[in-house]
Amino acid sequence: MPYLKENTLVYSCAYSPDGRSLAAGLSVGRISIYDTSMWAMTYTFQGHRGCINSIAYSPTGHQLLSGSFDCTVRLWDCKSGFCIFVLKGHTDAVWTVAFSPSGKQVASAGDDKTVRLWDVQTGANLSILTGHTERIRSISYSPDGYAVVSVGYDRMIRFFDTQTRQPGEEWESQIDFTRSVAYSPRGLDIAIGSADGEVLLYNTTTGKLTRKWEAHRNAVVCVTFSPNSQWLATCSNDNTVRVWNAVTRSVLSVFTGHSISVRQVAFSPDGLQLASFGTDNKVVTMWDIGTGQADLVLHGHTEEVNAFAFSADSRWIATGSDDWTVQLWDARSGILDRVLIGHTSSITCLVFSLDSHRIL
């Protein structure tokens, strides 16, 4: 497995689409590329003068995009390791970057409160979206690539039309505070969870609020769509997990096994299971979507669970904890397969490779 010899921090990472390479963005402004078959470092991309906050592979895996504290975005050739373009224009730290689904365009955003679109072939700045009044921390292309959505500290959700290169809808917050946002896999809806327990669904074509309902008695901490976009799972500070019909707003299941606020919820890739954990829990609960019952409770960690992830084939679930371990479980039987050690502090994020063979 890869390791860093000097005292540096990994601030961002991404697998290539084929899972054969892993890019790690470091606090010292360097990007390290690893061959995942033997975990040997194959390339080092150098040029940034500040921490690498975000990196993204192109859909083909031939290019890599990086954004940094040095206010620049860089486009790299993955085969040669050369920097193709230095995309200049941001006046403050770049926090987030993304490739369009076609790979012909990229987007970036950050502390200067702008979203910028760039042409991959020429490096030209195509458009600048203004309107946010606070830093922008997250952007995402719609599944069809026709829109970019941005979320900032100003609690606004703004859209950019990538075809006309003009600002699109600006959704003023209809709630006091937004806790969570999710794009449906089909790209037709965006779900927002609020601090007062409401869930709001917006139509991404019209930008209009289509459905709004009281989902919980306390803040909705996380919202997520099922892979087929038909169901919406929510979890809350009211200690419950709920699964909703995304069209009718009717509740399909209410999971009440948690004794304290539920922190995260996620569907398995096959859509048959739901996993959740709470703020002080040392366990992850697996729920059966069909029966609404707790299928499995994964006991094993000695400290709070901070992260979990399903493998793409839905066979495995990985959990990370304050006990410094990653535990790998059989998602069907709940049997603990192995405990992965090596970290010397809490584990807060987990990602499986696309082939389900490796965990980052």
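Cβ from N, Cα, C; glycine included.
Whatever TrEMBL says is automated annotation, not expert-curated.
What TrEMBL lists as repeat 'WD' is 45-77 (among others). Sequence-distant neighbours of the repeat 'WD' (45-77) (same chain, 6+ residues past either end, Cβ-Cβ under 8 Å): 9, 11-18, 20-21, 23, 25-33, 83-88, 90-99, 101-103, 106, 108, 110, 112, 116, 118, 120, 123.
What TrEMBL records for 87-128 (among others) is repeat 'WD'. Within its own chain, the repeat 'WD' (87-128) has Cβ neighbours under 8 Å at 50, 53-60, 63, 65-75, 134-141, 143-145, 148, 150, 152, 158, 160, 162, 165-166, counting only residues six or more beyond its boundaries.
Annotation source TrEMBL lists repeat 'WD' at 129-170 (among others). Residues 95-102, 105, 107-111, 113-117, 177-178, 181, 183, 185-187, 190, 192, 202, 204, 207 of the same chain lie 6+ residues outside the repeat 'WD' (129-170) yet bring a C-beta within less than 8 angstroms of a C-beta in it.
Below 8 angstroms of C-beta separation, residues 179-186, 188-189, 191-199, 201, 260-267, 269-271, 274, 276, 278, 287, 289, 292 of the same chain, each at least six residues beyond the ends of the repeat 'WD' (213-254), sit close to that stretch. Positions annotated as repeat 'WD' by TrEMBL: 213-254 (among others).
Annotated repeat 'WD' per TrEMBL: 255-297 (among others), in sequence order. In the predicted model, the repeat 'WD' (255-297) shows an average pLDDT of 75.
The list of residues near the repeat 'WD' (298-339) in space but at least 6 beyond its ends in sequence, with Cβ under 8 angstroms from a Cβ of it, reads 264, 266-270, 272-273, 275, 277, 279-286, 345-352, 354-356, 359. Annotated repeat 'WD' per TrEMBL: 298-339 (among others), in sequence order.
Long-range neighbours of the repeat 'WD' (255-297) within the same chain, counting only residues 6 or more positions beyond its ends whose Cβ lies under 8 Å from a Cβ of the stretch, are 218, 221-222, 224-228, 231, 233-243, 303-305, 307-314, 317, 319, 321, 331, 333-334.
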